[in-house]
């Protein structure tokens, strides 16, 4: 249930997503969480005063999953954006992907920021100062335009510079609220921006979305081997978790001069880059997106780079990635972006 108009957001965020067991002592540092399947059974549970309480807590299927499935039934495609390493431009790419899909006025797009401790999507989308609105239907996304909506923990913080210092169970609880209580309405694409790595948030999103039918994941890398090393682990995670990999995108593949559009290689692909990795791992290569300093400027100002600089090599590359993703989720690429070159 969404917070009431009289209840402060900070109070609501401090509350768990559902009533936990009545613990008799604080949770230890490596506690798996009272709601975890390993509650009372993990190595960290040995000697904990709460062990018997957690072990006897109700287990079984999450009763909220049918509610999430019903809530997202009107969302046609759900796409995860993953990266094995921080700093590869995953959130920037997520915002570009959302703007790319939304450049078709016939498509309605949402972007959900599940990077709870480092939410940057609102800034990139130009809605950082907005707050969540509540109706009888649930939480309303913050709309960037008529066909592009955003949901992020950033909208719920009293101050924009406040740190979110939460352990896994509380972060997972908020992700569940985003999926269960946000009224996305009729939507063509929901893009889920995740934190780097393979953390609780990834497991939570995957388990909660499994019944509602997640289309798959787009994995983002940069050309260097230090990034590819972590991407291999991310691909392994997807396969073990049963997440379909829609394809790999190589971000920052070169530098585009904004004056002459000449492309120079800044980060050298010492081991073949994303394209070679995709071939070796047996996954589609969706494309290479070059660096353009105007991308950072557009994100700082919360504007659409794709719309403002449509002829940039980076914009053209993003459009091709959008068409490729559309094709892999079962759409006609020509209907996804009719005017893409």
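Including glycine, each Cβ sits where the backbone N, Cα and C put it.
Model, not experiment: these values are computed from the prediction.
As annotated by Swiss-Prot, compositional bias 'Polar residues' applies to 1-12.
The region 'Disordered' feature in Swiss-Prot is assigned to 1-44.
Residues within less than 8 Å, Cβ to Cβ, of residue 31 ([4Fe-4S] cluster 1 binding site) and separated from it by at least 6 positions along the same chain comprise 42, 44, 45, 48, 167. Marked as [4Fe-4S] cluster 1 binding site by Swiss-Prot on the basis of sequence analysis: 31, 45, 48, 54.
What Swiss-Prot lists as ATP binding site is 84, 85, 86, 87, 88, 89, 90, 91, and the listing cites sequence analysis. Residue 91 (ATP binding site) falls within a helix when secondary structure is assigned with DSSP.
The annotation [4Fe-4S] cluster 2 binding site is assigned in Swiss-Prot to 257, 260 on the grounds of sequence analysis. Secondary structure at residue 257 ([4Fe-4S] cluster 2 binding site), as computed by DSSP, is coil. For residue 257 ([4Fe-4S] cluster 2 binding site), applying a Cβ distance below 8 Å and a minimum sequence separation of six or more within one chain yields 263, 264.
With respect to Cβ neighbours within 10 Å, the binding-site residues 84, 86, 87, 89 differ, and 87 shows the lowest count. Distance noted between the C-alpha atoms of residue 86 (ATP binding site) and residue 260 ([4Fe-4S] cluster 2 binding site) is 30 Å. Counting in whole angstrom, residue 89 (ATP binding site) lies 24 from residue 260 ([4Fe-4S] cluster 2 binding site) by their C-alpha atoms. A distance of 25 Å separates the Cα atom of residue 260 ([4Fe-4S] cluster 2 binding site) from that of residue 88 (ATP binding site).
Sequence-distant contacts of residue 91 (ATP binding site), defined by Cβ-Cβ distance under 8 angstroms and a gap of at least six in the same chain, are 113, 115, 120, 121, 124, 193.
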